[in-house]
Amino acid sequence: MIEHLAINTPYFGILLSLIPFIIATFLFKKTNGFFLFTPLFVSMVVGIAFLKLTGIDYANYKIGGDIINFFLEPATICFAIPLYKRRDVLKKYWKQILGGITLGTTAALVCIYLIAEAFQFSNGIIASMLPQGATTAIALPVSADIGGIKELTSLAVILNGVIIYALGSKLIKLFNITNPIARGLALGTSGHSLGVSSAQEFGETEASMASISLVIVGVIVVIVAPILATLLL
């Protein structure tokens, strides 16, 4: 019967992505944010499992998946809206914001390298992991330029975002971080676009700070990751 499904049309990839995502979103809200029901994580697992169990080639999924991927960059640009609304905060605290994000992102890149070295990962794997702090649209080209594996980088970016989306807000509440600027910067710097989505649940200030973090982290990754790769790999 599977041969008769419309697997060669864009609808197959789109539905395989959206149906698990919608169901997971419902379950995520019903369970008060249980991390295993994080929509992106569930969609990824269900999609991979379905393709493996049915024997359908990834190329069939990619026809529709590419359409969804097309909207990735325009969706990222939309994060500029809360940033514009709270531009007064950005003007007032721009030194602290820029300094905190720069130090945090650079430290994260160095830590990724040190951990990877400790586990004796190959240079290709290390290069694949270095750009994971940026969005997919930025991380993949950087990974390719420094000798990384784009598929591995994509997985690292997704897992990084899923972890922050699932646990970031809980950690902020656990450590009683009440400053909206600090909350937004923490989520945006560590979790890129999914961190921004998580920050939006707190408020407009958090969302705007997370948005500027996403942009600055991307710029830092583009500059620092190739330098680290040249010096250390």
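Cβ coordinates come from backbone N, Cα and C, glycine included.
Per Swiss-Prot, these features apply:
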TRANSMEM  7-27  transmembrane segment
TRANSMEM  33-53  transmembrane segment
TRANSMEM  63-83  transmembrane segment
TRANSMEM  97-117  transmembrane segment
TRANSMEM  124-144  transmembrane segment
TRANSMEM  152-172  transmembrane segment
TRANSMEM  212-232  transmembrane segment
Counting only pairs at least 6 apart in sequence, do the transmembrane segment (97-117) and the transmembrane segment (7-27) share 3+ Cβ pairs under 8 Å?
-> no
Run the contact check on the transmembrane segment (152-172) against the transmembrane segment (33-53): 3 or more C-beta pairs under 8 Å, excluding pairs closer than 6 in sequence.
-> yes
If you count CB pairs under 8 A between the transmembrane segment (124-144) and each of 7-27, 33-53, 63-83, 212-232, the winner is 212-232
Excluding the flanking five residues on each side, which residues at least 6 beyond the ends of the transmembrane segment (7-27) place their CB within less than 8 Å of a CB in that stretch?
-> 34, 37-43, 46-47, 50, 56, 60-68
